[in-house]
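Read through the structure below, which is laid out as structure tokens, and then see the notes.
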Amino acid sequence: MPAIVIVGAQWGDEGKGKATDLLGGRVDYVVKPNGGNNAGHTVVVNGEKYELKLLPAGILSPNAIPIIGNGCVVNLEALFDEIDALKARGADTSKLRVSANAHLVAPYHQVLDKVTERFLGKRAIGTTGRGIGPAYMDKVARLGIRVQDVFDESILRQKVEGSLAQKNELLVKVYNRRAIDVEEIVAYFLGFAERLQPLVIDSTIELNNALDDGKVVLMEGGQATYLDVDHGTYPFVTSSNPTAGGSSVGSGIGPTRITRVVGIIKAYTTRVGAGPFPTELFDEMGEYLQKTGGEFGVNTGRPRRCGWYDAVLARHAARINGFTDYFVTKLDVLTGIEKIPVCVAYDVDGVRHEEMPMTQTEFHHAKPIFEYLDGWTEDISGAKTLDDLPENARNYVLELEKMSGTRFSAIGVGPDRDQTIVVHDLIDG
């Protein structure tokens, strides 16, 4: 049966949570294959808004088993805070499972993240300060602590000692901070062991057995294509691979088992933090999109930078990920705009580029070349089919589809899961 991947096609905050929630009632497993509690997503169910960070959006789907995959980095304190907050609102979190091979975010990762950003000053990346980058650094440097280590005190202590031997030198001699005590960290992790134990599984075996048994598995990528450490706007990226290929690595599901890759893309573009953004708006229209679209980060509350739809980025994202479908969100936010610019190419130092520029310098110099599409004033929030849309809104969707090189299978016309036009079924279509 199908393994489906959902990937953000821009710089995050595209509405992946809504897409996962929409499909959640039809899938058996929802897996988060990468990232940590640095990437928030919002899900609206029956008019109630849920802001999730570490947990997969599938946690709100009554039939799906949500799994935090081996490619994630897990802050245990944040995990249980989020679980408790959902329980307090009546949500069932009992089916949640966590991969034994997922890495852990330690308190010292958060300390290092914050002091490093302060040290960098104007050169800072704009991280969330939640220790995600340092945790991934330890993973790659083979200094990481995994979920399974919490249940073996001697291994846990050995790993904490190895990691802090280096970090304390840095904290004390470079950043003028106090050294972190090994036993303090060991006690911190051991304090979660009893509550964590029932959640831990071999997720690779579980998920592949599920596929063998005819179950449907949905992989919900965190962050987005242009935050990918390899394919994003480096160095203004995250520390993992939130592109489609990273979903295989972060879940243990082989690439040949993936049957569908769905790109989630806004009808305009947003970005949080530093980095190049060719279509960014610095005027009242940017403020309008920000206010109308509710463009403020789930995790940090930071206002998102807003700009027009970028078809160059959309085509490139489709190529990198092998998208079979696009799910377009927030079309309703554009209602009332008379003429809507769409970026179809870049001007880089006088040369037209219809593809993503090769170098970082070229992309920083890229200026958008726009085509202008007619807007609409009618309320589209109740539309159920493409034919329900006013002519100009329908034309906008069809033109973007043509420019982006991948079929548009679903269009969001409001925040609720039911405010979605489904053109092609995202599981069987």
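Glycine residues also receive a Cβ, built from the backbone N, Cα and C atoms like all the rest.
Quick look at what Swiss-Prot lists:
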- ASP13: active site, proton acceptor (ACT_SITE)
- HIS41: active site, proton donor (ACT_SITE)
- 12-18, 40-42, ARG304, 330-332, 412-414: GTP binding site (BINDING)
- ASP13, GLU14, GLY15, LYS16, ASN38, ALA39, GLY40, HIS41, THR128, ARG142, GLN223, THR238, ARG302: IMP binding site (BINDING)
- ASP13, GLY40: Mg(2+) binding site (BINDING)
- VAL298, ASN299, THR300, GLY301, ARG302, PRO303, ARG304: substrate binding site (BINDING)
Nonlocal neighbours by CB distance (under 8 Å) for LEU331 (GTP binding site), same chain, sequence gap 6 or more:
ALA267, ILE380, ALA393, TYR396, VAL397, ILE411, GLY412, VAL413
In the chain carrying LYS18 (GTP binding site), residues 6 or more apart in sequence that have Cβ under 8 angstroms from it
THR42, VAL43, VAL44, ALA57, THR329, GLY412, PRO415, ARG417, THR420
Quick check: in three-state DSSP terms, what is LYS18 (GTP binding site)?
helix
LEU331 (GTP binding site), DSSP three-state class -> helix
With an 8 Å cut-off on Cβ-Cβ distance and a minimum sequence separation of at least 6, pull the same-chain contacts of GLN223 (IMP binding site), or say none.
GLY8, GLY12, ASN34, GLY35, ASN38, ALA39, THR238, SER240, PRO242
Write out the long-range same-chain contacts of GLY15 (GTP binding site), meaning residues 6 or more apart in sequence whose Cβ is under 8 Å from its Cβ.
HIS41, ILE264, LYS266, PHE327, THR329, LYS330, GLY412
Just name the winner among GLY12, GLY40, GLY301, PRO303 (the binding-site residues) by count of other CB atoms within 10 A of its CB.
GLY12
Name the residue among the binding-site residues ASN38, THR42, THR128 whose Cβ has the smallest number of other Cβ atoms within 10 Å.
THR42
Integer Å distance between the CA atoms belonging to GLY40 (IMP binding site) and ARG304 (substrate binding site)
13
Under DSSP, is PRO303 (substrate binding site) helix, strand or coil?
strand
Return the single residue from the recorded positions list (HIS41, ARG302, ARG304) that has the minimum number of other CB atoms within 10 Å.
ARG302
